[in-house]
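K.L.:
Pulled the feature table from TrEMBL, pasting it below:
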- A:1-32: region 'Disordered' (REGION)
- A:19-32: compositional bias 'Low complexity' (COMPBIAS)
- A:45-111: domain 'Transcriptional factor DELLA N-terminal' (DOMAIN)
- A:111-137: region 'Disordered' (REGION)
- A:158-180: region 'Disordered' (REGION)
- A:164-178: compositional bias 'Low complexity' (COMPBIAS)
- A:263-328: region 'VHIID' (REGION)
- A:294-298: motif 'VHIID' (MOTIF)
- A:342-374: region 'Leucine repeat II (LRII)' (REGION)
- A:386-477: region 'PFYRE' (REGION)
- A:394-398: motif 'LXXLL motif' (MOTIF)
- A:480-556: region 'SAW' (REGION)
Amino acid sequence: MKRDHQDICGADGGGYGNSSGSKGESSITSKGKLWEEDQDAGDMDELMAVLGYKVRSSDMADVAQKMEQLDMAMGTAQEDGISHLAYDTVHYNPSDLSSWVQSMLTELNNPVLPNSDSNSSKPQQHQQIVSSNQSQVYNDDSEYDLRAIPGIAAYPQPKRIKTSMETDSSSSTTEPSTQPVVLVDSQEAGVRLVHTLMACAEAVQQENLKLADALVKHIGLLAASQAGAMRKVATYFAEALARRIYGVYPQDSLHPSYTDMLQMHFYETCPYLKFAHFTSNQAILEAFATSNRVHVIDFGLKQGMQWPALMQELALRPGGPPVFRLTGIGPHQPDNTDALQQVGCKLAYLAETIGVKFEFRGFMVNSLADLEPKMLDIRPPEVETLAVNSIFELHRLLARAGGIEKVLSSIKTMKPKILTIVEEEANHNSPVFVDRFTEALHYYSSLFDSLEVSGVVPPSSQDLVMSESYLGRQICNVVACEGVERVERHETLAQWRSRMKTSGFSPAHLGSNAYKQASMLLALFAGGDGYRVEENDGCLTLGWHTRPLIATSAWQVAATE
Amino acid sequence: MVQNHHGTVGENKGKRPKFFINDHVDILIEILKRLDCRSLCVAASVCRLWCTIARNDSLWENLCFRHVSPPPSSVRSVVLALGGYKRLYMGCVRPVRSRLGRVRRASWARDEVQLSLSLFCVDYYERLGGGSNSNGRLVGESSPSSLMFLCKPMNV
């Protein structure tokens, strides 16, 4: 008898709804891979029979999935006592693997009172029986789904076989939980949802568009069964996948004032932008400590929300405020309005109110790479101290070859005293689509989860919806676009660090003042407990629970020997 | 609380004249200066004189900097320009202090005020509005507030 050494998803038995169907797929390494599929066998799988298990070939995938769930449930229920499974549960006919696993799962859902001894062949953890926590059916499962995902993304558990699907994460948490993890139907649907999303991404990468199309529709159904953040994330990702499948990209380009508005809502509902502004401002302030004339170049002025706080701190500086010059960079406006000038006027009004001498210039460019230092009227360092500030702008340059290098070398010729960069802490720029998709799924799940908690009450208010829309556009860009259209090319702090170092910048450590201010700011937000400010070798990151989401770093031009 | 006993002028019982706090506004101010926010608001409902005094911005200045060493004089002009101490206190300092009360450390008192000042300035800037779309909002929307997050109830 010929044995086919294929991955479980490579075969086409029935009931493989949860994995992509194309052959030659080698990246899925779930536990199923250990069970070799034999298509010629009759009802029972031959190899399993050798081991003493009777499993129908057609049931293999199902059993595999159930084993995974069981593993997860046991792994997370460690503290809570599942030893009743070892001692108290009756298992009939364990060689019938399918029904045995099913009965284990239902046991976990509804643990039966101790009866007779069991005959289980699965290794048990020997824990104390904690009598207080019995079967409490968990209705609030969406948060479990999501807290797990950031945890796994940040600290992948080594004992699990690393899968590109990362399905294990969906129904367990890496944090020690004192409540029993019980699988309820919608949680299982949540597992399926992530499975299906990943499978769809795989299919898209394989260019198996028919399958991808079917899966995308399935995602919609599954997403409807979820609540809260998980549903929203799944919906946005499904939409992005659909766009990619049908080739309906790029997205309609919106008027910049509309995207600015979305960002304003995002600014108000959650602390990410405020964190970015406050930490950058602190670094800039410290660089400006001894100067009487200062100049800031802002690579993305938008509504200028960063600068009032800086101006206020400059105004109250002991010794009086310096002369403050601001150069704001922004995109061209389709209707030829001068949005930059309007913002400049507002800032000028504020400056006059608080007694700071202020000058403003605006530059509209299509891309930062179009900037020439000569245009910016840079004055020599002895006369004026320069700071360059970029909040979520640099990653866009990675879409075109040479863009980032040109901008960084332009910055160097400007000789700033400090360069502050805030970027998303994620790798959404991998050339492999599935990797990018997985990373983005984890990242935006954390982000949406944090919005859910810290958002305006009631959750369906306009601000929350707008903030989610703002993020949804990013998701769409990461997933559906390619080439120069794909501008949301986020990279991790480590990647930026090495890029900055090779470009001739040395890190300037953000001080404890920045950390303190950031911590205070975070404590003000509802859901403040979930946010974490962390110091990372001189940079500050803001994250949701265990997952860092944005990172602020400061740089100066490296001294040349 | 000081009670107002209005002694009749005609009475001549040979006692000392009763002390009428409203005759001594400077003392009244000194007393009201030391009240906490809630008491000050209650005091504002006592009578017209107290109301006028309690709404005076300098009392709120004391509240803002109560636990902090006196700020440089430049702060006053800035705060007044941005809307005054009462607004600063009610809008920023009070919610900041109450939120941070859970995690407060003694050394944070000054930083709390500084953070409040920054948020206050941002709020002023947002309220400037003006122009059709320059404040980043669609026309017809309710006025923005970056301090909204401070007004929302916290799930403690």
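Just so you know, glycine gets a Cβ as well, placed from its N, Cα and C.
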K.L.:
Using Cβ atoms and a strict cutoff of less than 8 Å, what residues sit near the region 'Leucine repeat II (LRII)' (A:342-374) while being 6 or more residues removed from its termini?
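P.N.:
Distant Cβ neighbours of the region 'Leucine repeat II (LRII)' (A:342-374) are 299, 301-304, 307-308, 311-312, 314-315, 321, 323-333, 393-394, 396-397, 400, 402-403, 406-407, 410, 413-414.
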K.L.:
Below 8 angstroms Cβ to Cβ, which residues of this chain, lying six or more residues outside the motif 'VHIID' (A:294-298), approach it?
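P.N.:
Tertiary neighbours of the motif 'VHIID' (A:294-298) are 284, 288, 304, 306-307, 310, 314, 322-329, 376, 378-379, 384-389, 414, 416.
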K.L.:
Determine the mean pLDDT over the region 'SAW' (A:480-556), rounding to the nearest whole number.
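P.N.:
Reported value for the region 'SAW' (A:480-556) is a mean pLDDT of 90.
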